[in-house]
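Chemist: Dumping the structure here so I can ask a few things about it.
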Amino acid sequence: MTEFSDLGLSPTTLQAVADTGYTTATPIQAQAIPVALVGQDVLGIAQTGTGKTAAFTLPLIDKLASGRAKARMPRALVIAPTRELADQVASSFEKYAKGTKLSWALLIGGVSFGDQEKKLDRGVDVLIATPGRLLDHFERGKLLMTGVQFLVVDEADRMLDMGFIPDIERIFKLTPPKKQTLFFSATMPPEITRLTKQFLKDPVRIEVAKPATTNANITQLLIKVPSSDPKAKRLALRTIVEKAAPETGIVFCNRKTEVDIVAKSLKVHGFDAAAIHGDLDQSQRMKTLADFRSGALKILVASDVAARGLDIPAVSHVFNYDVPHHADDYVHRIGRTGRAGRTGVAYMLVTPADDKGFDKVVKLIGSTPAEEVIDVDYTNAVTVPREGDRRRGRGERPGRERGERSGRGRRERAETAAEAEVVETVVAEGPAEAPAVERGERPERKPRRERTRDRGERADRAPAVAVEAPIEEAPPVARPSRERPPMPVRGVQPVRGREDDDDRRVVGFGNDIPAFLLRAPPKLAKVED
DNA sequence: AAAAAAT
(Lines of atoms letter the chains of each structure in order from A and count residues from 1; the text may use other names and numbers.)
(Lines give C-alpha, C1' and ligand atoms only; values in the text may rest on other atoms or scores of the structure.)
Protein backbone atom coordinates (compact mmCIF):
# COMPACT_ATOMS: atom_id res chain seq x y z
CA MET A 1 0.00 0.00 0.00
CA THR A 2 1.42 3.32 -1.03
CA GLU A 3 0.67 6.40 1.04
CA PHE A 4 0.21 9.72 -0.73
CA SER A 5 2.97 11.12 1.46
CA ASP A 6 5.48 8.77 -0.23
CA LEU A 7 4.94 10.13 -3.72
CA GLY A 8 6.89 13.37 -3.57
CA LEU A 9 3.93 15.76 -3.57
CA SER A 10 4.24 19.17 -1.93
CA PRO A 11 2.93 19.76 1.61
CA THR A 12 0.12 22.01 0.33
CA THR A 13 -1.14 19.37 -2.07
CA LEU A 14 -0.79 16.65 0.53
CA GLN A 15 -2.88 18.74 2.89
CA ALA A 16 -5.62 19.08 0.27
CA VAL A 17 -5.57 15.31 -0.22
CA ALA A 18 -5.67 14.71 3.52
CA ASP A 19 -8.68 17.04 3.77
CA THR A 20 -10.62 14.78 1.45
CA GLY A 21 -9.92 11.86 3.77
CA TYR A 22 -7.79 9.79 1.40
CA THR A 23 -4.49 8.37 2.66
CA THR A 24 -3.67 5.46 0.37
CA ALA A 25 -2.96 5.97 -3.31
CA THR A 26 -4.50 3.67 -5.91
CA PRO A 27 -2.08 1.73 -8.17
CA ILE A 28 -2.33 4.20 -11.04
CA GLN A 29 -1.74 7.11 -8.66
CA ALA A 30 1.19 5.40 -6.97
CA GLN A 31 2.84 4.77 -10.33
CA ALA A 32 1.93 7.86 -12.34
CA ILE A 33 2.43 10.65 -9.81
CA PRO A 34 6.20 10.24 -9.28
CA VAL A 35 6.78 9.94 -13.05
CA ALA A 36 4.71 13.03 -13.78
CA LEU A 37 6.48 14.99 -11.05
CA VAL A 38 9.90 14.43 -12.61
CA GLY A 39 8.56 15.75 -15.90
CA GLN A 40 8.29 12.61 -18.01
CA ASP A 41 5.45 11.80 -20.36
CA VAL A 42 2.95 9.25 -19.07
CA LEU A 43 0.96 6.71 -21.03
CA GLY A 44 -1.62 5.48 -18.54
CA ILE A 45 -3.76 2.51 -19.47
CA ALA A 46 -6.50 2.55 -16.91
CA GLN A 47 -10.25 2.59 -16.73
CA THR A 48 -12.62 4.81 -14.84
CA GLY A 49 -12.81 4.05 -11.17
CA THR A 50 -9.09 3.46 -10.86
CA GLY A 51 -8.44 6.95 -9.52
CA LYS A 52 -6.82 8.26 -12.66
CA THR A 53 -8.24 11.78 -12.38
CA ALA A 54 -6.26 12.41 -9.20
CA ALA A 55 -3.29 10.68 -10.81
CA PHE A 56 -2.89 13.63 -13.17
CA THR A 57 -4.57 16.40 -11.17
CA LEU A 58 -2.24 16.19 -8.18
CA PRO A 59 1.12 16.33 -9.99
CA LEU A 60 -0.23 19.03 -12.30
CA ILE A 61 -1.10 21.23 -9.35
CA ASP A 62 2.36 20.76 -7.90
CA LYS A 63 4.12 21.50 -11.17
CA LEU A 64 2.04 24.63 -11.78
CA ALA A 65 2.38 26.02 -8.25
CA SER A 66 5.20 28.33 -9.28
CA GLY A 67 4.48 30.78 -12.04
CA ARG A 68 1.38 32.58 -13.23
CA ALA A 69 -0.80 32.50 -16.30
CA LYS A 70 -0.98 35.35 -18.80
CA ALA A 71 -4.21 36.43 -20.43
CA ARG A 72 -5.47 33.89 -22.96
CA MET A 73 -2.44 31.73 -22.43
CA PRO A 74 -3.22 28.71 -20.26
CA ARG A 75 -0.29 26.77 -18.95
CA ALA A 76 -2.06 23.44 -18.82
CA LEU A 77 -4.76 21.83 -20.92
CA VAL A 78 -6.93 18.90 -19.92
CA ILE A 79 -9.03 17.39 -22.72
CA ALA A 80 -11.93 15.07 -21.94
CA PRO A 81 -14.43 13.44 -24.30
CA THR A 82 -17.69 14.38 -22.58
CA ARG A 83 -18.92 17.46 -20.82
CA GLU A 84 -19.67 15.59 -17.62
CA LEU A 85 -16.23 14.13 -17.50
CA ALA A 86 -14.67 17.54 -18.00
CA ASP A 87 -16.87 18.90 -15.26
CA GLN A 88 -15.69 16.16 -13.00
CA VAL A 89 -12.05 16.91 -13.66
CA ALA A 90 -12.85 20.52 -12.82
CA SER A 91 -14.26 19.54 -9.45
CA SER A 92 -11.13 17.55 -8.80
CA PHE A 93 -9.10 20.73 -9.41
CA GLU A 94 -11.42 22.70 -7.24
CA LYS A 95 -10.88 20.23 -4.43
CA TYR A 96 -7.16 19.77 -4.62
CA ALA A 97 -6.00 23.23 -5.70
CA LYS A 98 -7.82 25.13 -3.01
CA GLY A 99 -4.66 25.88 -1.00
CA THR A 100 -2.98 27.39 -4.06
CA LYS A 101 -3.47 30.46 -6.20
CA LEU A 102 -4.12 28.40 -9.29
CA SER A 103 -7.05 29.33 -11.45
CA TRP A 104 -8.89 27.06 -13.81
CA ALA A 105 -11.74 27.28 -16.29
CA LEU A 106 -14.12 24.73 -17.73
CA LEU A 107 -14.65 25.07 -21.48
CA ILE A 108 -17.51 22.89 -22.60
CA GLY A 109 -20.30 23.17 -25.13
CA GLY A 110 -23.93 23.73 -24.32
CA VAL A 111 -23.26 26.77 -22.14
CA SER A 112 -22.69 30.38 -23.09
CA PHE A 113 -19.35 31.70 -24.25
CA GLY A 114 -19.48 34.83 -22.11
CA ASP A 115 -18.25 33.51 -18.79
CA GLN A 116 -15.68 31.30 -20.43
CA GLU A 117 -14.28 34.24 -22.41
CA LYS A 118 -14.11 36.44 -19.33
CA LYS A 119 -12.04 33.85 -17.53
CA LEU A 120 -9.77 33.39 -20.53
CA ASP A 121 -9.16 37.15 -20.72
CA ARG A 122 -8.30 37.28 -17.06
CA GLY A 123 -5.84 34.45 -17.54
CA VAL A 124 -6.18 30.90 -16.26
CA ASP A 125 -3.57 28.32 -15.36
CA VAL A 126 -5.57 25.24 -16.26
CA LEU A 127 -8.16 24.81 -19.00
CA ILE A 128 -10.39 21.78 -18.74
CA ALA A 129 -12.25 21.28 -21.99
CA THR A 130 -14.08 19.15 -24.48
CA PRO A 131 -12.33 19.35 -27.88
CA GLY A 132 -15.08 21.11 -29.82
CA ARG A 133 -15.49 24.09 -27.54
CA LEU A 134 -11.75 24.46 -27.00
CA LEU A 135 -11.09 24.73 -30.73
CA ASP A 136 -14.07 27.03 -31.10
CA HIS A 137 -12.50 29.47 -28.63
CA PHE A 138 -9.19 29.09 -30.40
CA GLU A 139 -10.69 29.92 -33.76
CA ARG A 140 -12.33 33.00 -32.30
CA GLY A 141 -8.90 34.14 -31.23
CA LYS A 142 -9.80 33.99 -27.56
CA LEU A 143 -7.10 31.51 -26.76
CA LEU A 144 -3.42 30.99 -27.48
CA MET A 145 -1.99 27.55 -27.04
CA THR A 146 1.62 28.59 -27.32
CA GLY A 147 2.03 28.83 -23.56
CA VAL A 148 0.88 25.28 -22.84
CA GLN A 149 3.45 23.35 -20.82
CA PHE A 150 1.24 20.44 -19.83
CA LEU A 151 -1.28 18.55 -21.88
CA VAL A 152 -3.54 15.89 -20.41
CA VAL A 153 -5.66 13.68 -22.67
CA ASP A 154 -8.25 11.71 -20.75
CA GLU A 155 -10.11 8.66 -22.08
CA ALA A 156 -8.44 8.77 -25.47
CA ASP A 157 -10.16 5.63 -26.70
CA ARG A 158 -13.52 7.24 -26.16
CA MET A 159 -12.37 10.25 -28.13
CA LEU A 160 -11.62 7.82 -30.91
CA ASP A 161 -15.13 6.35 -30.73
CA MET A 162 -16.57 9.81 -30.89
CA GLY A 163 -14.50 10.93 -33.84
CA PHE A 164 -12.37 13.40 -31.92
CA ILE A 165 -8.99 12.09 -33.00
CA PRO A 166 -8.46 14.76 -35.70
CA ASP A 167 -9.23 17.41 -33.07
CA ILE A 168 -6.77 15.85 -30.65
CA GLU A 169 -4.10 15.73 -33.32
CA ARG A 170 -4.74 19.37 -34.03
CA ILE A 171 -4.41 20.28 -30.38
CA PHE A 172 -1.14 18.36 -30.16
CA LYS A 173 0.15 20.34 -33.13
CA LEU A 174 -1.07 23.71 -31.85
CA THR A 175 0.68 23.30 -28.51
CA PRO A 176 4.46 23.67 -28.22
CA PRO A 177 6.47 20.51 -28.89
CA LYS A 178 8.38 20.84 -25.65
CA LYS A 179 5.54 20.17 -23.28
CA GLN A 180 4.81 17.33 -20.90
CA THR A 181 1.98 15.03 -21.94
CA LEU A 182 -0.08 12.79 -19.69
CA PHE A 183 -2.14 10.50 -21.87
CA PHE A 184 -4.81 8.13 -20.59
CA SER A 185 -6.82 5.45 -22.33
CA ALA A 186 -8.69 2.39 -21.14
CA THR A 187 -7.73 0.38 -24.21
CA MET A 188 -5.07 0.72 -26.89
CA PRO A 189 -6.57 0.29 -30.37
CA PRO A 190 -4.14 0.85 -33.28
CA GLU A 191 -5.18 4.47 -33.90
CA ILE A 192 -4.43 5.36 -30.30
CA THR A 193 -1.09 3.59 -30.40
CA ARG A 194 -0.22 5.56 -33.51
CA LEU A 195 -1.15 8.80 -31.80
CA THR A 196 1.01 8.05 -28.76
CA LYS A 197 3.94 7.11 -30.99
CA GLN A 198 3.64 10.33 -32.89
CA PHE A 199 3.16 12.74 -30.01
CA LEU A 200 4.50 11.29 -26.76
CA LYS A 201 8.19 11.58 -25.99
CA ASP A 202 9.63 8.49 -24.39
CA PRO A 203 6.55 7.90 -22.25
CA VAL A 204 6.48 5.70 -19.19
CA ARG A 205 3.79 3.14 -19.80
CA ILE A 206 1.66 2.44 -16.75
CA GLU A 207 -0.99 -0.22 -16.95
CA VAL A 208 -3.46 -1.19 -14.29
CA ALA A 209 -5.87 -4.10 -14.34
CA LYS A 210 -9.32 -3.69 -15.78
CA PRO A 211 -11.59 -3.32 -12.79
CA ALA A 212 -14.98 -4.24 -14.19
CA THR A 213 -14.68 -7.63 -15.88
CA THR A 214 -12.72 -9.04 -12.98
CA ASN A 215 -14.65 -7.30 -10.25
CA ALA A 216 -15.94 -9.99 -7.94
CA ASN A 217 -17.88 -7.42 -5.95
CA ILE A 218 -20.56 -7.26 -8.59
CA THR A 219 -23.33 -9.82 -8.59
CA GLN A 220 -24.65 -10.15 -12.12
CA LEU A 221 -28.20 -11.31 -12.58
CA LEU A 222 -30.42 -11.96 -15.50
CA ILE A 223 -34.14 -11.29 -15.84
CA LYS A 224 -35.85 -13.10 -18.67
CA VAL A 225 -38.71 -11.12 -20.12
CA PRO A 226 -40.90 -13.33 -22.31
CA SER A 227 -41.92 -10.50 -24.63
CA SER A 228 -40.02 -7.77 -26.40
CA ASP A 229 -42.96 -5.45 -25.92
CA PRO A 230 -41.75 -2.27 -24.23
CA LYS A 231 -44.69 -2.48 -21.89
CA ALA A 232 -43.64 -5.90 -20.67
CA LYS A 233 -40.08 -4.66 -20.25
CA ARG A 234 -41.19 -1.67 -18.22
CA LEU A 235 -43.32 -3.88 -16.03
CA ALA A 236 -40.40 -6.22 -15.46
CA LEU A 237 -38.16 -3.26 -14.70
CA ARG A 238 -40.54 -1.82 -12.14
CA THR A 239 -40.93 -5.20 -10.52
CA ILE A 240 -37.22 -5.71 -10.17
CA VAL A 241 -36.49 -2.15 -9.06
CA GLU A 242 -39.11 -2.50 -6.38
CA LYS A 243 -37.76 -5.85 -5.30
CA ALA A 244 -34.13 -4.75 -5.29
CA ALA A 245 -34.97 -1.53 -3.43
CA PRO A 246 -31.77 0.18 -4.53
CA GLU A 247 -30.14 2.79 -2.36
CA THR A 248 -29.11 4.40 -5.64
CA GLY A 249 -29.44 2.87 -9.06
CA ILE A 250 -28.80 3.54 -12.72
CA VAL A 251 -31.12 2.24 -15.40
CA PHE A 252 -29.38 2.03 -18.76
CA CYS A 253 -31.25 2.19 -22.06
CA ASN A 254 -29.83 2.09 -25.57
CA ARG A 255 -31.74 4.99 -27.01
CA LYS A 256 -32.33 8.52 -25.84
CA THR A 257 -36.04 8.21 -26.62
CA GLU A 258 -36.18 5.07 -24.51
CA VAL A 259 -34.45 6.88 -21.65
CA ASP A 260 -37.20 9.50 -21.69
CA ILE A 261 -39.95 6.92 -21.86
CA VAL A 262 -38.60 4.77 -19.06
CA ALA A 263 -37.87 7.73 -16.80
CA LYS A 264 -41.38 9.10 -17.29
CA SER A 265 -42.90 5.70 -16.74
CA LEU A 266 -40.98 5.18 -13.51
CA LYS A 267 -41.96 8.61 -12.29
CA VAL A 268 -45.60 8.01 -13.10
CA HIS A 269 -45.41 4.85 -11.03
CA GLY A 270 -44.05 6.70 -8.05
CA PHE A 271 -40.31 6.01 -8.36
CA ASP A 272 -37.81 8.76 -7.70
CA ALA A 273 -36.27 8.77 -11.17
CA ALA A 274 -34.88 11.26 -13.68
CA ALA A 275 -33.42 11.01 -17.16
CA ILE A 276 -30.00 11.92 -18.41
CA HIS A 277 -28.81 11.84 -22.02
CA GLY A 278 -27.15 14.03 -24.58
CA ASP A 279 -30.28 15.68 -25.95
CA LEU A 280 -31.15 17.31 -22.64
CA ASP A 281 -29.77 20.75 -22.08
CA GLN A 282 -26.57 21.12 -20.22
CA SER A 283 -27.99 22.78 -17.13
CA GLN A 284 -30.54 19.98 -16.82
CA ARG A 285 -27.84 17.34 -17.21
CA MET A 286 -25.72 18.91 -14.52
CA LYS A 287 -28.59 19.42 -12.13
CA THR A 288 -29.77 15.83 -12.48
CA LEU A 289 -26.25 14.55 -11.93
CA ALA A 290 -25.75 16.79 -8.91
CA ASP A 291 -29.03 15.57 -7.42
CA PHE A 292 -27.97 12.02 -8.00
CA ARG A 293 -24.56 12.53 -6.43
CA SER A 294 -26.04 14.24 -3.39
CA GLY A 295 -28.58 11.49 -2.88
CA ALA A 296 -31.53 13.75 -3.63
CA LEU A 297 -32.32 11.51 -6.60
CA LYS A 298 -32.39 7.73 -6.25
CA ILE A 299 -32.70 6.43 -9.78
CA LEU A 300 -30.90 7.78 -12.79
CA VAL A 301 -32.22 6.63 -16.15
CA ALA A 302 -29.37 7.05 -18.57
CA SER A 303 -28.05 6.54 -22.05
CA ASP A 304 -24.46 5.42 -22.40
CA VAL A 305 -23.39 9.00 -21.68
CA ALA A 306 -23.31 7.75 -18.09
CA ALA A 307 -21.75 4.37 -18.81
CA ARG A 308 -18.17 5.53 -18.54
CA GLY A 309 -16.32 8.35 -16.98
CA LEU A 310 -18.87 9.83 -14.68
CA ASP A 311 -17.75 9.58 -11.13
CA ILE A 312 -20.81 8.50 -9.22
CA PRO A 313 -19.97 7.07 -5.83
CA ALA A 314 -21.78 4.22 -4.18
CA VAL A 315 -24.29 3.13 -6.79
CA SER A 316 -25.85 0.07 -5.28
CA HIS A 317 -27.59 -1.26 -8.40
CA VAL A 318 -27.31 -1.15 -12.16
CA PHE A 319 -30.29 -2.13 -14.29
CA ASN A 320 -29.71 -2.86 -17.95
CA TYR A 321 -33.14 -2.17 -19.35
CA ASP A 322 -31.68 -2.85 -22.77
CA VAL A 323 -28.92 -5.27 -23.62
CA PRO A 324 -26.17 -2.91 -24.81
CA HIS A 325 -25.22 -2.80 -28.49
CA HIS A 326 -21.60 -3.39 -27.72
CA ALA A 327 -20.55 -5.90 -25.15
CA ASP A 328 -17.86 -3.46 -23.98
CA ASP A 329 -20.60 -1.10 -22.91
CA TYR A 330 -21.99 -3.79 -20.65
CA VAL A 331 -18.71 -3.93 -18.79
CA HIS A 332 -18.65 -0.16 -18.43
CA ARG A 333 -22.25 -0.02 -17.32
CA ILE A 334 -21.97 -2.59 -14.58
CA GLY A 335 -18.68 -0.99 -13.57
CA ARG A 336 -20.83 1.81 -12.13
CA THR A 337 -21.51 -0.42 -9.17
CA GLY A 338 -19.31 -2.52 -6.92
CA ARG A 339 -16.65 0.15 -6.76
CA ALA A 340 -14.14 0.98 -4.05
CA GLY A 341 -14.61 -2.23 -2.14
CA ARG A 342 -18.39 -2.06 -2.01
CA THR A 343 -20.65 -4.73 -3.33
CA GLY A 344 -23.09 -4.13 -6.14
CA VAL A 345 -25.79 -5.86 -8.13
CA ALA A 346 -26.20 -5.60 -11.88
CA TYR A 347 -29.41 -6.78 -13.54
CA MET A 348 -29.99 -7.23 -17.22
CA LEU A 349 -33.39 -7.60 -18.83
CA VAL A 350 -33.25 -10.02 -21.72
CA THR A 351 -36.07 -10.48 -24.20
CA PRO A 352 -36.32 -13.00 -27.02
CA ALA A 353 -35.18 -10.27 -29.41
CA ASP A 354 -31.93 -9.78 -27.53
CA ASP A 355 -30.32 -13.11 -28.45
CA LYS A 356 -27.42 -11.74 -30.41
CA GLY A 357 -26.43 -8.94 -28.08
CA PHE A 358 -26.83 -11.21 -25.12
CA ASP A 359 -24.57 -13.87 -26.63
CA LYS A 360 -21.89 -11.26 -27.18
CA VAL A 361 -22.08 -10.17 -23.55
CA VAL A 362 -21.89 -13.75 -22.32
CA LYS A 363 -18.90 -14.38 -24.55
CA LEU A 364 -17.10 -11.31 -23.26
CA ILE A 365 -17.69 -11.88 -19.57
CA GLY A 366 -17.08 -15.60 -19.97
CA SER A 367 -20.17 -16.81 -18.14
CA THR A 368 -23.94 -16.56 -18.14
CA PRO A 369 -25.29 -14.50 -15.27
CA ALA A 370 -27.61 -16.38 -12.94
CA GLU A 371 -31.27 -15.96 -13.67
CA GLU A 372 -33.40 -14.24 -11.11
CA VAL A 373 -36.97 -15.30 -11.47
CA ILE A 374 -39.56 -12.64 -10.84
CA ASP A 375 -43.21 -13.26 -10.36
CA VAL A 376 -44.81 -11.10 -13.00
CA ASP A 377 -48.12 -11.42 -14.75
CA TYR A 378 -47.49 -10.12 -18.23
CA THR A 379 -51.02 -10.64 -19.54
CA ASN A 380 -51.90 -6.96 -19.36
CA ALA A 381 -48.50 -5.82 -20.47
CA VAL A 382 -48.99 -6.26 -24.17
CA THR A 383 -49.49 -3.34 -26.46
CA VAL A 384 -53.06 -3.36 -27.73
CA PRO A 385 -53.10 -2.89 -31.49
CA ARG A 386 -54.41 0.54 -32.16
CA GLU A 387 -56.72 1.60 -34.89
CA GLY A 388 -53.92 3.32 -36.71
CA ASP A 389 -51.80 0.21 -36.52
CA ARG A 390 -54.49 -2.04 -37.90
CA ARG A 391 -55.11 0.26 -40.75
CA ARG A 392 -51.49 -0.06 -41.66
CA GLY A 393 -51.66 -3.79 -41.24
CA ARG A 394 -49.13 -4.07 -38.47
CA GLY A 395 -50.86 -5.34 -35.39
CA GLU A 396 -47.99 -6.87 -33.49
CA ARG A 397 -45.25 -4.32 -33.65
CA PRO A 398 -45.11 -1.82 -30.78
CA GLY A 399 -45.98 1.30 -32.76
CA ARG A 400 -42.83 3.35 -32.31
CA GLU A 401 -40.76 2.67 -35.38
CA ARG A 402 -43.49 4.01 -37.58
CA GLY A 403 -43.18 7.41 -35.95
CA GLU A 404 -39.42 7.34 -36.47
CA ARG A 405 -39.86 7.74 -40.15
CA SER A 406 -42.39 10.52 -40.11
CA GLY A 407 -41.41 13.93 -41.30
CA ARG A 408 -41.07 15.48 -37.90
CA GLY A 409 -37.83 16.64 -36.33
CA ARG A 410 -35.83 14.27 -34.16
CA ARG A 411 -36.48 16.05 -30.90
CA GLU A 412 -40.21 16.46 -31.39
CA ARG A 413 -40.52 12.86 -32.39
CA ALA A 414 -38.79 11.74 -29.25
CA GLU A 415 -41.09 13.78 -27.06
CA THR A 416 -44.32 12.73 -28.62
CA ALA A 417 -43.27 9.10 -28.82
CA ALA A 418 -42.32 9.21 -25.17
CA GLU A 419 -45.61 10.73 -24.19
CA ALA A 420 -47.60 8.38 -26.31
CA GLU A 421 -45.96 5.40 -24.67
CA VAL A 422 -46.38 6.68 -21.17
CA VAL A 423 -49.98 7.65 -21.63
CA GLU A 424 -50.54 4.19 -22.96
CA THR A 425 -48.80 2.62 -19.99
CA VAL A 426 -50.80 4.56 -17.51
CA VAL A 427 -54.02 3.63 -19.19
CA ALA A 428 -53.40 -0.05 -19.57
CA GLU A 429 -51.62 -0.74 -16.32
CA GLY A 430 -53.72 1.49 -14.14
CA PRO A 431 -51.37 2.94 -11.50
CA ALA A 432 -52.57 4.44 -8.27
CA GLU A 433 -52.21 7.99 -9.47
CA ALA A 434 -53.07 9.00 -12.98
CA PRO A 435 -55.60 11.73 -12.47
CA ALA A 436 -54.81 13.80 -15.54
CA VAL A 437 -55.24 10.89 -17.86
CA GLU A 438 -58.39 9.64 -16.23
CA ARG A 439 -59.95 13.01 -16.74
CA GLY A 440 -59.14 12.55 -20.38
CA GLU A 441 -56.58 15.32 -20.33
CA ARG A 442 -53.09 15.23 -21.64
CA PRO A 443 -50.53 15.05 -18.86
CA GLU A 444 -48.81 18.23 -19.96
CA ARG A 445 -50.00 21.22 -21.85
CA LYS A 446 -48.03 21.69 -24.97
CA PRO A 447 -47.51 24.64 -27.26
CA ARG A 448 -50.35 25.17 -29.69
CA ARG A 449 -48.40 24.10 -32.72
CA GLU A 450 -47.79 20.64 -31.28
CA ARG A 451 -51.25 20.15 -29.92
CA THR A 452 -52.64 20.78 -33.35
CA ARG A 453 -50.29 18.33 -34.89
CA ASP A 454 -51.15 15.67 -32.36
CA ARG A 455 -54.80 15.98 -33.13
CA GLY A 456 -54.06 15.49 -36.77
CA GLU A 457 -51.74 12.57 -36.46
CA ARG A 458 -52.78 10.76 -33.38
CA ALA A 459 -56.44 11.50 -32.86
CA ASP A 460 -57.10 7.80 -33.25
CA ARG A 461 -55.14 6.95 -30.14
CA ALA A 462 -56.61 9.42 -27.72
CA PRO A 463 -56.44 7.93 -24.24
CA ALA A 464 -60.17 8.19 -23.61
CA VAL A 465 -60.93 5.85 -26.45
CA ALA A 466 -58.41 3.32 -25.26
CA VAL A 467 -59.87 3.25 -21.75
CA GLU A 468 -63.54 3.31 -22.28
CA ALA A 469 -64.30 1.12 -25.22
CA PRO A 470 -62.67 -1.59 -27.24
CA ILE A 471 -61.31 -0.21 -30.43
CA GLU A 472 -63.88 -1.87 -32.68
CA GLU A 473 -66.77 -0.22 -30.86
CA ALA A 474 -65.27 3.20 -30.51
CA PRO A 475 -68.03 5.70 -31.26
CA PRO A 476 -67.25 7.97 -34.15
CA VAL A 477 -65.91 11.17 -32.75
CA ALA A 478 -67.60 14.27 -34.03
CA ARG A 479 -65.18 16.09 -36.22
CA PRO A 480 -65.87 19.45 -37.74
CA SER A 481 -64.53 18.96 -41.22
CA ARG A 482 -63.43 16.19 -43.50
CA GLU A 483 -62.10 18.48 -46.13
CA ARG A 484 -58.42 18.93 -46.45
CA PRO A 485 -57.11 22.46 -46.79
CA PRO A 486 -56.35 23.46 -50.35
CA MET A 487 -52.77 22.90 -51.28
CA PRO A 488 -51.09 26.26 -51.67
CA VAL A 489 -48.91 25.15 -54.55
CA ARG A 490 -50.10 25.55 -58.11
CA GLY A 491 -50.13 22.64 -60.47
CA VAL A 492 -50.48 20.06 -57.74
CA GLN A 493 -53.86 18.49 -57.09
CA PRO A 494 -54.85 17.63 -53.54
CA VAL A 495 -54.42 13.90 -53.15
CA ARG A 496 -57.24 11.83 -51.76
CA GLY A 497 -56.38 9.20 -49.20
CA ARG A 498 -55.86 5.60 -50.25
CA GLU A 499 -58.91 3.34 -50.14
CA ASP A 500 -58.07 1.92 -46.77
CA ASP A 501 -57.52 5.33 -45.25
CA ASP A 502 -59.69 6.04 -42.26
CA ASP A 503 -61.92 8.79 -43.51
CA ARG A 504 -62.76 10.05 -40.04
CA ARG A 505 -59.24 11.07 -39.41
CA VAL A 506 -58.60 14.78 -39.09
CA VAL A 507 -55.90 15.51 -41.56
CA GLY A 508 -53.35 18.27 -41.40
CA PHE A 509 -54.69 21.27 -39.54
CA GLY A 510 -58.25 19.97 -39.29
CA ASN A 511 -60.47 22.92 -38.57
CA ASP A 512 -57.61 25.07 -37.36
CA ILE A 513 -56.17 26.20 -40.67
CA PRO A 514 -54.02 29.23 -40.06
CA ALA A 515 -55.28 32.26 -41.95
CA PHE A 516 -52.17 32.65 -44.06
CA LEU A 517 -52.75 29.26 -45.63
CA LEU A 518 -56.19 30.29 -46.83
CA ARG A 519 -54.90 33.35 -48.64
CA ALA A 520 -53.86 33.28 -52.27
CA PRO A 521 -50.59 31.43 -52.69
CA PRO A 522 -47.53 33.58 -53.10
CA LYS A 523 -46.07 33.95 -56.57
CA LEU A 524 -43.18 31.58 -56.72
CA ALA A 525 -40.16 32.20 -58.87
CA LYS A 526 -39.83 29.65 -61.62
CA VAL A 527 -36.83 27.45 -61.23
CA GLU A 528 -35.52 25.78 -64.34
CA ASP A 529 -34.05 22.61 -62.96
C1' DA B 1 -29.10 -0.69 -34.74
C1' DA B 2 -26.64 4.04 -30.64
C1' DA B 3 -24.51 7.82 -28.15
C1' DA B 4 -21.39 11.38 -27.69
C1' DA B 5 -19.68 16.59 -29.32
C1' DA B 6 -19.27 23.08 -31.77
C1' DT B 7 -23.31 25.98 -33.58
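Glycine residues also receive a Cβ, built from the backbone N, Cα and C atoms like all the rest.
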Chemist: Between A:2-30, A:205-233, A:321-349, I'd like to know which one TrEMBL lists as motif 'Q motif'.
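Modeler: Going through A:2-30, A:205-233, A:321-349 one by one, TrEMBL flags A:2-30 as motif 'Q motif'.
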Chemist: Quick check on the motif 'Q motif' (A:2-30): DSSP residue counts for helix, strand, coil, in that order please.
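Modeler: In the motif 'Q motif' (A:2-30), the DSSP-based counts are 17 helix, 4 strand, 8 coil.
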Chemist: Looking only at the domain 'Helicase C-terminal' (A:217-382), report the model's average pLDDT.
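Modeler: That stretch averages a pLDDT of 89.
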